[in-house]
Each structure stands twice: as C-alpha cells, then as structure tokens.
Amino acid sequence: MATPAVPVSAPPATPTPVPAAAPASVPAPTPAPAAAPVPAAAPASSSDPAAAAAATAAPGQTPASAQAPAQTPAPALPGPALPGPFPGGRVVRLHPVILASIVDSYERRNEGAARVIGTLLGTVDKHSVEVTNCFSVPHNESEDEVAVDMEFAKNMYELHKKVSPNELILGWYATGHDITEHSVLIHEYYSREAPNPIHLTVDTSLQNGRMSIKAYVSTLMGVPGRTMGVMFTPLTVKYAYYDTERIGVDLIMKTCFSPNRVIGLSSDLQQVGGASARIQDALSTVLQYAEDVLSGKVSADNTVGRFLMSLVNQVPKIVPDDFETMLNSNINDLLMVTYLANLTQSQIALNEKLVNL
C-alpha cells in the first residue's frame, strides 16, 4: 500500500521589506491556527521607528521571509515536544552518530534528489539540547512544491520510542549550505510538534572545502499588518560523544593519515599497546609540567596541583612482589582460556569432518 505524502506548494515570491528568501505559502482547504506558536515581535505602530527596526535582520542571523502559512491538517508526529521557548543562548550538542547517519542517507539518496531531510531526536535540559539520534524522511521537491511523507516519520518515531523512550523530537535536518523557501514550509510542520524546533544544516557539497554544520531556530518578524517573515537565528553547535562513540571516532580519524582513506581494525594487543603509549605520553607531559614548576619556568597552578594530588591518591599501593604474583596469575588464566578455546575449535572442526563423511 502506498504511503500517503503531504504535498505543500510554494507560490511565486511576494516582495516584503525583509531581506530574505522568496515567500512561500501553504494552500489548505481548511485553515487552522498553528498548534505551537512561535514568539513574534511586539506590536508597534507603523510610525514607530521600532517597527522599522523589527524588519531588519540582526548581524549573524540568517533571514528567510515567508508569508504566514495557513495550517494544513496532516498526520502529526507523536511524542512530547521541547518544553517552553528555545532561548538563543542554548547550546546544541551533536553526537557523531548524527553526522554519520546524515552523510549515509545523503550517499543513498534517490537519483535526482538534490538533498535529504530527516527528524532529529534527543534530550533537553536547562542549558543545552543533546541530539543523540536521527532518521531520514522521504520527500520530493520541485520548484513550486514540496511533499513530505509525514506518515513514514510517524511510524519511524514510534519504532524509535520502543528502543529509546526518553528521546524527544527536537527538530529536523537537511543537507545543503543554505536555507531555501521550502525549508520554511517544512519547518512549519515540525513547529507543530516542538515549539521552536531546531533546523540543522549539513553542507555535504563541501563548498568551502569542509563540511559546514550549523543549527538554527526560527522567529517571526515583520511590521504589524504587513506580510510576516521568518528569521532563522544561528545557535552554538558543539560535539559530544559517549565512551563507545569515542572509540569509533578515533578509528575514523586514523583514516586521515592513510593514502587510500582505508584502515583495518586493530587487534586487542594493538589496542592495549596504543593505550599504553598514550598513557606514557600523558605521564611525560605531567612530569615535564612538574619539573617546569619546580625550576620556576612556569607559575604553579593550585587547581592543577589538587587534580594531580587526587590522581596520585587514586593509584593503589601494592607491594611489588604481590603485583608480580597477580600479573603472573592473570597471564596464566589468559593462556589457559586461549588453550581451551583453541581445543574447542579443533573439536568442532573435527566433528564437522566426521559428520560429512
């Protein structure tokens, strides 16, 4: 059975005093008020200078003007939304799996598709929004309309809730280096599920020689009684990762120094050796710092001193003979486990040959 899509059409641009992208409207048989209102500029008279100032984008902000669209009833993305307004000072923390998923969906996009879009999932606290997961959403774009498969997005979110019930809908992402008039229309749909949703852009075309990653929130702006516009305000983007994600990131970073951009998985012994080498380098740095402080080359820092003292106190005090006995015992256990594993493997191989006779 075909999955229903929600078509959205964008008519020709209507001039507005806001320097932004071409306005776009959403045709609907039954207009309805927006479910999640977005903070707008305070009302002011047309003769008030503050009203004219409200129509000018502030430095560092990306304006995109669009006529306030009439709401079209569409399948809603279920789940809790961002609590309250999204302050401009809040930080967006991205996990590596987000970037990997976006790039993978872009590489697997349909033939002729200019970009891909998807839903962002994560958690919210007082000072930051942490994006921990995402999934792509099928859509079709042309010069005058965009159709988004919201039923697919609803089903995918229901599946994600079964695995991670704490993840909320935070916004959406799109590949590309700019915000188009279609982005304003798609943003309206996500505004119904998350007040002031995040719009994440990932420049997969590498226009500036790197993959630019930016996050925005939208704000209504304009002169009362005139066509309202939408201004996308940039947010601070930082990167976060769990310990398990850090292992994958370190492995991917090693491909930067490989001529063919390919690197194999290291063995357990190589991982232990690499970790030991990093610990040795860290200890050398600490010893050099201590020597510089004692010689007067560097002024002493009480915070660093307390941290080093706490680190030294955490090291267990073991008699050298006891440590050697423990190490030899662990090595013997490891050798025994290895021997039993090889013996079991040989027995299984022998059994397979006897069965096939």
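Yeah, the Cβs are placed from backbone N, Cα and C, and that goes for glycine too.
Note that this is a predicted model, so its numbers are computed, not measured.
Swiss-Prot has this to say about the protein:
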- 9-36: compositional bias 'Pro residues' (COMPBIAS)
- 37-74: compositional bias 'Low complexity' (COMPBIAS)
- 92-222: domain 'MPN' (DOMAIN)
- Ala2: N-acetylalanine (MOD_RES)
- Ser46: phosphoserine (MOD_RES)
- Lys238: N6-acetyllysine (MOD_RES)
- Ser258: phosphoserine (MOD_RES)
- 1-82: region 'Disordered' (REGION)
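Looking at Ser258 (phosphoserine) and Lys238 (N6-acetyllysine), their Cα atoms lie 27 Å from each other. Around the residue listed as 'N6-acetyllysine', the same-chain residues six or more apart in sequence whose CB sits under 8 Å from its CB are Val91, Val92, Arg93, Leu94, Ser128, listed in sequence order. Cβ-based neighbour count (10 Å, all protein chains) for Ser258 (phosphoserine) stands at 10. Averaged across the domain 'MPN' (92-222), pLDDT for the predicted model comes to 87. In terms of DSSP helix, strand and coil, the domain 'MPN' (92-222) has 37 helix, 50 strand, 44 coil.
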